[in-house]
Amino acid sequence: MLVLGIESSCDETGLALYDTQRGLLAHALHSQIAMHREYGGVVPELASRDHIRRALPLLEEVMAQSGTHRDDIDAIAFTQGPGLAGALLVGASIANALALAWNKPTVGIHHLEGHLLSPLLVDEPPPFPFIALLVSGGHTQLMRVTDVGVYETLGETLDDAAGEAFDKTAKLIGLGYPGGPEVSKLAETGTPGAVVLPRPMLHSGDLDFSFSGLKTAVLTQMKKFEAAKLESEALERAKADLARGFVDAAVDVLVAKSLAALKQTKLKRLVVAGGVGANRQLRAALSAAAAKRGFDVHYPDLALCTDNGAMIALAGALRLGRWPEQANADYAFTVKPRWDLASLAR
């Protein structure tokens, strides 16, 4: 089965072709970072308009890369939610318009299911069951994954997502957009232990997260720096130490909760997905813990940590392979800006 995947939930337009026999044939991605940078964050209306501009050229690109003709495609998968309503509508409209013109069925995909399954795109994919740590700008969750479509939420953030905390911390420190990669890069130059920040809910006894207090601690520390009237060079060193303190605290919590989930479920496989899954400090800490504790940890390729069409095409192929009745051939569709992954129907 050959599936075209279309991702447009936020500020990346992604298209890809996935074949159940040959694997990922082609994928193309356009990021809107440069467009949104001057606003310091994603502007939904601009995001929607840019998806309209980019989708068809990206389609031509993946078709040319793979030597695929439209007649070769068996189905079209699109991100149905969660995400920005306007952005989702663009992708859904394009998917269903193509499907109508080409006489193909469609299937709507949960954005987080795409992330959760993206590590299956590697050469040696992890077998089910496993624990999934989903960490992105909008979500932080621990899931027990028994099979495709069989997901149980074990813990989630009670306020800010981890990626949101990274972005907001970067803004407080005075770094550029997008903040996550910038604060991580600065943290690598900071001194370990120079600034120690709280580890929220580290000993809460459950698998939930909270990052708003950590963000507040960064704000408090920045106010102290301002009150001290540090010279320029000293201030930059202090900011680097603060960034290191923030990243260390966030990573400690993510690792500790992941280990607790593995212990609670007695599983030996951890899958890490979402944009924050590209963070080098997090990967290093989890890999070290895996070596020490005797479990396996799996990541998607770095290029597939961000939003992308490949994960949507894969999820579509897996769903249609198991449940052909989920194929939609009447081209009526809705989008779901809010959508709980645990409620996803098989």
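Using N, Cα and C of the backbone, Cβ positions are placed for all residues, glycine too.
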Note: Swiss-Prot has His111, His115 binding Fe cation, and from Asp296, Asp301, Asp307 that site also includes Asp307
Joining Leu134, Val135, Ser136, Gly137, Gly138, Asp167, Gly180 at the substrate site recorded in Swiss-Prot, out of Asn96, Asn279, Asn308, is Asn279
Fewest C-beta neighbours within 10 angstroms among the binding-site residues His111, His115 belongs to His111
Its Cβ having more other Cβ atoms within 10 Å than any other among the binding-site residues Leu134, Val135, the winner is Val135
Record-annotated substrate contacts Leu134, Val135, Ser136, Gly137, Gly138, Asp167, Gly180, Asn279; largest Cα to Cα distance in whole Å is 17
CA pair Asp167 (substrate binding site) / Asp307 (Fe cation binding site), Å rounded to integer, equals 16
Candidates Gly137, Gly138, Gly180, Asn279 (binding-site residues) passing the 10 Å Cα cutoff around His115 (Fe cation binding site) are none
